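The ATP binding site feature in Swiss-Prot is assigned to 11-18, 103-110; the stated evidence is sequence analysis.
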């Protein structure tokens, strides 16, 4: 059953999911909304993608967790993944966001991130809470993501849609926060959204 305030944006690589998230973060911060969670920006060297970092949206703390240069760890595509590095940033960032923020952002929930069972557990905790959340996920079917999608508003993004979708999400989230704040609750706990 769909829960109010949970959003998942799905799309192919390069479709603009992360760009949409960055635009949304700018809008939320400018409006005074406290937002936390994680981003997983790609790392490029001379135009070639070499890996991914994980970044705590609230504190800015980050670390590389997937790289073509790593020699150990599970493989996803051409990258080796350090689950330990990922968890050292992602788990406290998401727990902190759940406790301290009005909106949680998770960019993204994909194969590399789901190598961490602890990550999946905290994502489920966020999903079961009432906090407004926005996440991104790949277009391919992944069982764990399908379960989350069943209780979310799913938005399919195509190249060129980032601005339009970020505006839509900002307006939806602003409306939800307005209702929550007017009912004198400290924050809308329990809603997860994926972009």
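Glycine is treated like the rest: Cβ placed from N, Cα and C.
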Query = Of all the binding-site residues given, 11, 13, which residue's CB has the most CB neighbours within 10 A?
reply = 11
Request  = Determine, from DSSP, whether residue 105 (ATP binding site) sits in helix, strand or coil.
outcome  = strand
Inquiry  = Counting across all protein chains present, how many other Cβ atoms fall within 10 Å of the Cβ of residue 109 (ATP binding site)?
reply    = 26
Task = Would you mind checking how many other C-beta atoms are within 10 angstroms of the C-beta on residue 15 (ATP binding site)?
result = 21
Note = According to DSSP, residue 13 (ATP binding site) sits in coil
Query = If you draw a 10 Å sphere on the Cβ of residue 105 (ATP binding site), how many other Cβ atoms land inside?
reply = 29
